[in-house]
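Below is one structure; the comments refer to it alone.
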Amino acid sequence: MTSKVGPVALKTFREKLGPELLEVFDKSYKSFTDVQVLSGTHLLNLSDVVVESPTGSGKTLAFVLPMMRMIQNAKLQPADIGALILSPSRELCSQIVSVIQPFAEKLNLTVETVTGGQKVDKNIKMFKNKNVNILVATPGRLFQIIQHEKTLIARKMRTLQLLVIDEADRFNEIQFEDHMREILSCIPKQRRTGLFSATQVKEEDDLMVFGLRNAKQVKVAQERNSAAPSTLKNYYVECRADEKTSVCLEFIRQRTDKKILIFFPSCNSVRYFYKIFERCLGKRPLFAVHGKCSNPHRASQIKAFSDSTNGVMISTDVMARGIDISDIDWVIQFDLPKHSSWFVHRAGRTARCGREGNALILIASEQLAYVNFLDNHEKVKLDEIKVPTNNSRKSEELRQKMIKIQVSDRAILEAGTRAFVSHVESYAKHDCHLICSLDDLNVVGLANSYALLRLPKMRELSQRKDLDMFDRSAIETSEIKYADVKLEANRETVMKEKHEKKVETLAAKDKKRREKEARKLKKMGGRFRNGGGTGRKAEEKKALKRKAEEEDDAQNDIRLLKRIKRGKLSKKEIKDVL
């Protein structure tokens, strides 16, 4: 339903929460949002809920507040788990815990997280030795723990009051269904369940995976039935594929006082463009996070970006959900997201809590149909803007600069190649391939936007007919060295070993070939001596016979020399031979 909360409903909700929770809430928050009142009321009335609400609307508190009250009413023992919250990433889990913590401290409840990045044994030890009242977990890690200690987890979960699935639209893969089925087998059926997302939770059948019964639908929509906040302005810039990097950098340079978040398609892309951007943006604060960063590194980078006034963060989709940084001015998407719904989540990192924000996606000429696709499928309208300071000359100058950067360090050269490969692999898997297919992608242009010196061989590109348009660099890439002395020393050692092995292999092949030819000639010579024939011309037969005889003479000479060396011949015999 789409609704505005009236004063009576608001008053009733406040009364249901009780004074202790209200005391904590009123210290940190100004007022309740619609989604918090609507979903919270249903949960406190012991109904399951499916909640769709825009990013930045306060969805986390929408389940935290009723959850805390339900646990408070249940009067659990110190070791009883009263709530389980499943979220798709470590960052989201950390964000949720930070919201829960003040309320948990007030009620003397303990909160723990179970996510990837830690050893499973450590998680199991925590369950055995610690009291946990609220568990925040990623489904994959909880599934792993259940595989080891199902009885222990089932015993701990027997008092569960509420199951929350945060960012529920992300949980629609087959693997997740297997994980969810195992998790549900460990928790009581008599519980409440809440599904929360910024975009529509999938079909009715998908809800059965989560064990919902007669769920109440809560939909807090923005104008045009959009999942994006009304204070968010969405734009696109059309450019040639080979100019994307240049357009992105020029756009950032024009906005020296703005905080900007840029989404790239893969961890490899983030690593590569961080190296490029740090050499192109001067003293501008630059940060980077991706799924393969360590937890401490990610946390420190996110905090530093949050504290900055005009920082630039390069990221994968680990920053697309749940990371609450209120003052991001611009979100840039370097290319199409894997799923169109992710556009909404990415863009939702700006324009939070009523603040104005802007989102931009870089669209190559062959991708223009994506603009209408977003409007039709996600109700997101994009307006076109220009980047007037960019032109072909600047793009080529940047490409040459990027090449020099790669030549200065082999590690960056290799990072660029890996980034390009990951980009193509990611593009092949997005959900609008009917209108933006890999076959239509300007691969050569994309390679130039990465400033590649060589086009890597890829299965996805094996049938392309346009790759000969790529201008291969004359630079000998094998001579490019690592800037890191240890890496370069190791590379030289490996290259030397490979060269020696290659020489040995070639020598062995040559020896084998010569031995084979000798055996063949000897065999042919034997046939001629025995009066055999091969049906060849007389000249060829004579030549083969001559070679065979020469080979026999050579073998006789070798045997004779060996006998002389061993002293097997008398002086007279040696004289006769000579």
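Using the three backbone atoms N, Cα and C, a Cβ is placed for every residue, glycine included.
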Next item on the list: Tell me which range among 122-125, 166-169, 266-269, 314-317 Swiss-Prot lists as motif 'DEAD box'.
Entry: 166-169
Next item on the list: Name the residue range among 7-37, 224-254, 379-409, 472-502 that Swiss-Prot annotates as motif 'Q motif'.
Entry: 7-37
Next item on the list: State the count of C-beta atoms found within 10 angstroms of the C-beta of Ser53 (ATP binding site), not counting that atom itself.
Entry: 25
Check: Taking the centroid of the Cβ atoms of Ser53, Pro54, Thr55, Gly56, Ser57, Gly58, Lys59, Thr60 as the ATP site, which other residues of that chain lie with their Cβ within 8 Å of it, listed in sequence order?
Finding: Thr33, Val35, Ala62, Ala198
Item checked: Sequence-remote partners of the motif 'Q motif' (7-37) [C-beta within less than 8 Å, at least six residues beyond its ends] -> 44, 51, 53, 57-59, 61-62, 65, 68-69, 72, 102-103, 106-107, 218, 220
Next item on the list: Using a Cβ cut-off of under 8 Å, list the residues of the same chain at least 6 residues beyond the motif 'DEAD box' (166-169) that approach it.
Entry: 50, 59-60, 63, 85-88, 92, 96, 195-202, 210, 321-322, 341, 345
Note to self: Among all protein chains shown, how many Cβ atoms are found within 10 Å of the Cβ of Thr55 (ATP binding site), not counting that one?
What the structure shows: 25
Item checked: Per-state residue totals over the motif 'DEAD box' (166-169) - DSSP helix, strand, coil -> 2 helix, 1 strand, 1 coil
